[in-house]
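Enquirer: The structure is given below, and queries will be raised subsequently.
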Amino acid sequence: MTYHPKSDFLRVMQERGYLADCTDMQALDEALSKGVVPAYIGYDATAASLHVGHLLNIMMLRWLQKTGHKPITLMGGGTTKVGDPSFRSEERPLLTPDRIDENIEGMRKVFARYLSYGEGATDALMLNNAEWLDQLNYLDFLRDIGRHFSVNRMLSFESVKSRLDREQSLSFLEFNYMILQAYDFLELFRRTGCRLQMGGSDQWGNIVNGIDLTRRVLEGEIFGLTSPLLTTSDGRKMGKSAGGAVWLNGEMLAPYDFWQFWRNTTDADVGRFLKLYTELPVEECDRLGALQGSEINAAKILLANEVTTLLHGRDAAEAAEATARAVFEEGGVGGALEVVELPAATLGEGLSVAHFLVAAGLVASGKEAKRLVAENGLRFNNEPVGDANTPVTAATVGEELKVSIGRKKHKLVRLS
């Protein structure tokens, strides 16, 4: 029988499709109904930006704050030095402390778009687990914390078991990650009264570890809640596109390309994505998702505008839509297209089309460029390019050259 939550937060989670599992739904619902509940999601600083795959959990934190509770974004300045082994086929490369700090700063910019930070009861709080993990005494930690963990149980977690079943090495360093993440929950409960950890369903084992540890050490009543691991209707993992990761930082992915990612949503995903990634009413999301034929394209544009507005602002969303209209409907250039600067010296007396595309970073290899041309997938200033060996000179580029790769990828190349 489906449980019907009383609290606004759990009701939103259930209605909009954010909820996969919860350790104790009724007890958490009671706690959320009685007062402010601090809740956190942890983010290891493995890249300079978060990507679209992180956005679902960020929206959960946003809804948590909108429904009167306190979101905590926990930066993994300490755990990133170890690396989360969950469902990975190999050990992560270790990052330097300076790189970790740079990555955290890049992530901070994204969170500031979705959450309101401050000193109030429901203002968001950003913490770094390096504050306590860097201070740990190893022997004390083994005695006080390590004794609460069963290696037998840890080996049974699917995230670890799948790695071992493939006979791939799991280092002692990575194995410790689970204990450190569990300790984070204990420390957050001690410092802030945090009572809820959220994350993707692949984090279930780590979350349960933290709950068990905190109950054993501090006898705290705390909870875990996970979201489904999201894939598109055609089976692709969220966060990736044909061109690579869909980054949330504007410096790493232009707002136009971010907008275009959402505009290209498969028809079957429109209603679901509207519920997960926008704040439109559920009934409106369902209505838009049920549209057919050409009408669904208007819903996709609305989806792209709403998601881009949350991240980059309304002006950026409107500029992206105007550019898309100019590019696709009017054959123009559009002011929001990403500009690629190519040193004039690189072009020299001229390069073949294939070498030009590689030099500008628009394709990964000459082989890919030749395949693109052979499949009639390349245009310069809206004109088809029929020969990968055609020379590209400074005169070809002029003030700027619009390069279209397929129907959906468009860049402006300028010489510098």
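Note that the numbers count up from 1, one per residue, in the order the chain is shown.
Glycine is no exception: its Cβ is also placed from the backbone N, Cα and C atoms.
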Enquirer: Checking feature assignment: motif ''HIGH' region' per Swiss-Prot, candidates 45-54, 145-154, 155-164, 325-334. Which range matches?
Expert: 45-54
Enquirer: If you check Swiss-Prot, which stretch out of 82-86, 237-241, 292-296, 387-391 is marked motif ''KMSKS' region'?
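Expert: It is 237-241 that Swiss-Prot describes as motif ''KMSKS' region'.
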Enquirer: Within 10 Å of the Cβ of Y177 (L-tyrosine binding site), how many other Cβ atoms can you find? Include all protein chains, please.
Expert: 22
Enquirer: I want to check the contact list for Y40 (L-tyrosine binding site): same chain, sequence separation of six or more, C-beta distance under 8 angstroms. What comes out?
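Expert: Residues satisfying the criterion: P71, I72, T73, L74, F185, L188, C194, L196, Q197, M198.
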Enquirer: Please indicate, using numbers and ranges, the residues of the same chain that are 6 or more beyond the motif ''HIGH' region' (45-54) and have a C-beta under 8 Å from a C-beta there.
Expert: 75-77, 80, 83, 92, 95, 100-104, 106-107, 110, 230, 237-240, 245-249, 251-253, 261
Enquirer: Over all shown protein chains, what is the count of other CB atoms within 10 A of the CB belonging to Q181 (L-tyrosine binding site)?
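Expert: Counting Cβ neighbours of Q181 (L-tyrosine binding site) within 10 Å gives 28.
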